[in-house]
């Protein structure tokens with residue numbers, strides 16, 4: 001019975017924080033509100049709760065969020081992390097093979113699309129996972145009707161975002177490809193648009209369904225979905241997206257001469273479905289709010305990822321550095337996965353313990369990096385655990401790539417040291433940025449579940465690609481340049 005009372009008190013506390021936010025605003029639906037319960041306390045219930053608080057003293061807060069030991073947390077994170085890592089390794093191997101296909105050889109702008117489309121999983125899948133994980137943890141998925149409304153609304157919203165972002169990513173690829181070279185081909189631009197929109201749409205639908213299954217499953221088995229959902233979203237994401245992109249763009253490239261109109265028809269078909277998804281997603285208040293306000297992070301993230309794509313395109317074009325291709329999805333994916341777990345955990349913690357707009361005492365004042373890693377809180381522990389996973393994780397994945405005879409680079413001690421230093425620096429920077437960003441967003445009344453992960457995974461792509469390109473240039477300069485660093 002105590003746990004039942006605990007549960008009710010928790011929902012009531014959440015409801016009061018959500019009510020205060022909308023009261024002090026314009027009375028509309030706020031961004032952090034959809035995740036929390038919307039039931040007001042009557043006077044009697046408020047009095048009853050105060051009495052319970054007095055009886056139970058301070059001990060009650062401990063039961064708000066389930067306690068996790070660092071070992072339990074590491075074990076829960078480890079399996080999805082390894083799964084996600086092998087997903088990114090296989091994506092790297094696929095990219096290594098398809099870079100020699102005709103479509104990729106003649107329309108090199110497809111490389112600019114790669115990080116932007118792989119980044120969609122950070123923008124959409126991980127954001128969905130993080131939103132639904134928080135919804136599970138604050139008890140919003142307990143009633144079946146509410147659960148399915150939330151799921152269907154969020155999936156429809158994701159399809160709208162995927163179609164629009166797929167189209168914009170293609171536009172960015174055309175512009176970024178055209179600026180340095182100064183030549184523009186209409187047929188190539190249409191092919192980029194249709195393969196980007198079709199890939200984004202199909203991959204997003206498949207991953208969304210997998211994601212919902214994982215979150216509902218982890219709720220039933222009693223695993224904290226925050227630890228499991230985002231990496232699993234990532235593990236299938238890269239591989240599914242890359243395989244679909246390669247297959248569609250190669251197919252459309254084959255049709256270019258004999259059936260030039262096919263690309264336009266494919267693009268038009270997926271764009272015409274958008275109004276249907278808009279109607280479905282506007283039925284649920286939570287997804288309706290994000291339909292209007294959730295665009296800024298998704299589009300900004302796509303632009304950041306496209307800059308990473310431009311770096312990749314230029315690096316791959318240099319035959320001496322073609323070996324970078326197989327490692328790009330690995331370093332980008334792992335950095336993104338780890339920072340998404342941390343961001344999702346901090347967000348859930350804030351939803352539990354703070355009213356929107358208020359942050360815990362330790363997060364007040366000026367930000368400094370030590371704050372992220374040194375302390376006794378659950379979020380400090382998870383930052384330490386995630387940082388400790390970087391080097392063993394990357395060693396396993398490097399060795400796997402080596403065993404599969406993929407890539408063109410021998411694993412010399414110098415190469416491994418430089419690569420691991422780049423990976424460590426990337427995750428260190430990302431964890432610090434996520435700590436600062438999630439608290440800042442919460443302070444300004446935005447829901448970090450919807451806003452922080454797109455920025456963080458896009459920064460992961462940009463930092464990963466840039467650091468990897470620098471590492472390969474450095475290795476080439478210092479003379480670790482036998483034929484295998486190149487192609």
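The backbone N, Cα and C atoms fix where each Cβ goes, glycine too.
Among the features that TrEMBL reports, region 'Disordered' is placed at 13-65.
Marked as compositional bias 'Acidic residues' by TrEMBL: 44-58.
What TrEMBL records for 77-97 (among others) is transmembrane segment.
According to TrEMBL, the feature transmembrane segment maps to 103-120 (among others).
Sorting each residue of the domain 'SLC41A/MgtE integral membrane' (114-247) by its DSSP state yields 120 helix, 0 strand, 14 coil. Taken from TrEMBL, the feature domain 'SLC41A/MgtE integral membrane' applies to 114-247 (among others).
Annotated transmembrane segment per TrEMBL: 160-180 (among others), in sequence order.
Annotated transmembrane segment per TrEMBL: 186-216 (among others), in sequence order. Counting only same-chain residues 6+ beyond the ends of the transmembrane segment (186-216), those with a CB under 8 A from a CB of the stretch are 103, 107, 109-110, 113, 116-117, 120-121, 124-125, 128-129, 132-133, 136, 141, 147, 151, 155, 158-159, 161-163, 165-167, 169-171, 173-174, 225, 228-229, 232-233, 236-237, 240-241, 244-245, 248-249, 252-253, 256, 260, 263-264, 266-267, 270-271, 273.
The feature transmembrane segment is assigned by TrEMBL to 228-249 (among others).
Per TrEMBL, transmembrane segment is recorded for 261-280 (among others). Same-chain residues lying 6 or more positions outside the transmembrane segment (261-280) and placing a CB less than 8 Å from one of its CB atoms are 152-153, 156-157, 159-160, 163-164, 166-167, 187, 190-191, 193-195, 197-198, 201, 248, 252, 255, 291.
Annotated transmembrane segment per TrEMBL: 292-312 (among others), in sequence order.
As annotated by TrEMBL, transmembrane segment applies to 324-341 (among others).
Residues or ranges marked as domain 'SLC41A/MgtE integral membrane' by TrEMBL: 328-470 (among others).
According to TrEMBL, the feature transmembrane segment maps to 385-402 (among others). Using a Cβ-Cβ cut-off under 8 Å and counting only residues 6 or more beyond its ends in the same chain, the transmembrane segment (385-402) has close neighbours at 70, 73-74, 77-78, 81-82, 85-86, 88-89, 92-93, 326-327, 330-331, 334, 338, 341-342, 373, 411, 416, 419-420, 423-424, 427-428, 431.
The annotation transmembrane segment is assigned in TrEMBL to 414-433 (among others).
Under the heading transmembrane segment, TrEMBL lists 453-478 (among others).
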- Task: Report the listed stretch (77-97, 292-312, 324-341) having the maximum count of Cβ pairs within less than 8 Å of the transmembrane segment (160-180).
- Result: 292-312
- Do the transmembrane segment (77-97) and the transmembrane segment (324-341) share at least 3 Cβ pairs closer than 8 Å, excluding pairs fewer than 6 residues apart in sequence? yes
- Task: Please check if the transmembrane segment (103-120) comes into contact with the transmembrane segment (453-478), where contact means 3 or more CB pairs closer than 8 Å and the residues in each pair are separated by 6 or more positions.
- Result: yes
- Task: Rank 324-341, 414-433, 453-478 by Cβ pairs under 8 Å to the transmembrane segment (292-312) and hand me the top one.
- Result: 453-478
- Task: Using DSSP, break the domain 'SLC41A/MgtE integral membrane' (328-470) down into helix, strand and coil residues and give each count.
- Result: 113 helix, 0 strand, 30 coil
